[in-house]
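Colleague: Below are the structure tokens for one structure; questions will follow.
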Ligand code: SAH
Ligand code: F3S
């Protein structure tokens, strides 16, 4: 989620959760989606109260935790390599304990303790509050595991410490789990059924962020448009709710509107939107409020209706195109990004061409593109042979990436000559003297620092661009600036 997999962040260890009297040291690193990074902040917060401060130095850690991803085989292989590395360190520091968190923990369960002898602790995504108990087990010399998935857990009552933070943008999770059962996807198995978090606790977390100077919040979930709070419980059990619960239920459009109204000086983003659950009301909220960003991450996976059906996506190519048309008519300046999988089982050259022509039609601003990786236990793995040869998958993927790059450049170029509102996040990677921030449309902008500061909203006149970055000069603060 924001979405996904920012390559530069993969495997970063989290720093700076400190309490004065804490004596133990936690090294925690995260792989995969933004939800994992966000969960690691919850875990660090829980462990801060157990006497652990975080460290970035693996060698000095008493406890090493790795928050893992199962989405593709490659993600799992990366984690296995990290475990080998911890093993080496553990040889010189035998007191060090190692724990696996997240989706691989959930997928492999006790197998981890058997296969990877160095692992002391295995904790699934809904069991982080049990870590203090599990650590006691470990201290007493037993392996500890909790991979129970929950109907209720949203960690609404844990106030996450912000690790790796730029102090300007933050992620707030609003739903957990997923009920969609896309046939290629392991998430419903590793993260359980979909449930929503109490809006009150969401707004409290944002209030806290605002008071600490944060300016942008991304509401996070596997399927945010499906958000529905009716007093707790699984989304699928909404039918059983009382009339009273139904009358006072809060859906995603309402939640987003509440955020926009209560925090007029903050910007809001959200991720991820599942096409089938995106309703028109949300589009009107995005259009109506200046502080709701004009950007929708709208994974499509394939442009072929036949493949979409095999994937158990709940829409056709035409329905997706109609949704895009609606977005464009209600929010004319909206950016749209995709996730696409190349080489799903049975995909023909014609199906692939359908994907390319859909990219042409939608004109996505960005994309996250993958080749199909069969995941054990998913419906696709059980029912369909992984029959597209690796070289064909890679060639199709490359064609998709190339086309997306070309169209992305066109989309970036549309801003040249315009003046855009930018929230300054950090110093640009390329130059000490330049700021880097993003537009409402999520395009990165770099420009000379002058006297502006991180966290300022500024108007930037765009003069040039590379394929995904706008280059310009600030002209003034924007109205969002307080
Ligand atoms: N709804 C989620 C999707 C998580 S997975 C979200 O919030 O983003 C992110 C992306 O990984 C998916 O959209 C899909 O494009 C890709 N993906 C998932 N399973 C995959 C698999 N088995 N092989 C290749 N790509 C996969
Ligand atoms: Fe996975 Fe589909 Fe849910 S991609 S996370 S099952 S929407």
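Cβ from N, Cα, C; glycine included.
Found this in TrEMBL, in case it helps:
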- 33, 69, 103: [4Fe-4S] cluster 1 binding site (BINDING)
- 178, 182, 185: [4Fe-4S] cluster 2 binding site (BINDING)
- 24-140: domain 'MTTase N-terminal' (DOMAIN)
- 164-410: domain 'Radical SAM core' (DOMAIN)
- 413-476: domain 'TRAM' (DOMAIN)
Colleague: Per 10 Å Cβ neighbour count, which of the binding-site residues 69, 103, 178, 182, 185 ranks highest?
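Modeller: Answer returned by the neighbour count: 103.
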Colleague: Mind checking how the domain 'TRAM' (413-476) divides into helix, strand and coil residues in DSSP?
Modeller: 1 helix, 37 strand, 26 coil
Colleague: Among 69, 103, 182, 185, please name the binding-site residues whose Cβ is nearer than 6 Å to ligand 1.
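Modeller: 185, in sequence order.
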Colleague: Mind running the binding-site residues 33, 69, 103 against ligand 2 and keeping the ones whose CB falls under 6 Å of it?
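Modeller: Checked binding-site residues vs ligand 2; nothing flagged, none.
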Colleague: Does DSSP give residue 182 ([4Fe-4S] cluster 2 binding site) helix, strand or coil?
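Modeller: For residue 182 ([4Fe-4S] cluster 2 binding site) - judged by DSSP and reduced to three states - the answer is coil.
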Colleague: Around the [4Fe-4S] cluster 1 site recorded as 33, 69, 103, what other same-chain residues have a C-beta within 8 angstroms of the site's C-beta center?
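Modeller: Same chain, not in 33, 69, 103, Cβ within 8 Å: 31, 32, 35, 36, 68, 70, 71, 75, 102, 187, 190.
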Colleague: Roughly where does the domain 'MTTase N-terminal' (24-140) sit in mean pLDDT, to the nearest integer?
Modeller: 93
Colleague: Neighbours of the [4Fe-4S] cluster 2 site 178, 182, 185: Cβ within 8 Å of the Cβ centroid, same chain, sequence order.
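Modeller: Going along the sequence, the neighbours come out as 180, 181, 184, 186, 187, 188, 222.
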Colleague: Would you mind reading off the Cα separation of residue 185 ([4Fe-4S] cluster 2 binding site) from residue 103 ([4Fe-4S] cluster 1 binding site), to the nearest angstrom?
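Modeller: Roughly 12 Å, rounded to the nearest whole number.
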Colleague: Once the DSSP letters are reduced so that anything not helix or strand counts as coil, what is residue 69 ([4Fe-4S] cluster 1 binding site)?
Modeller: coil
Colleague: Provide the number of Cβ atoms within 10 Å of the Cβ of residue 33 ([4Fe-4S] cluster 1 binding site), excluding the reference atom itself.
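Modeller: I count 26 other Cβ atoms within 10 Å of it.
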Colleague: DSSP-wise, what's the residue breakdown of the domain 'MTTase N-terminal' (24-140) into helix, strand and coil?
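Modeller: Each residue of the domain 'MTTase N-terminal' (24-140) counted once, the result is 61 helix, 25 strand, 31 coil.
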Colleague: Taking the Cα atoms as reference points, how far is residue 103 ([4Fe-4S] cluster 1 binding site) from residue 178 ([4Fe-4S] cluster 2 binding site) in Å?
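Modeller: The separation of the Cα atoms works out to 13 Å.
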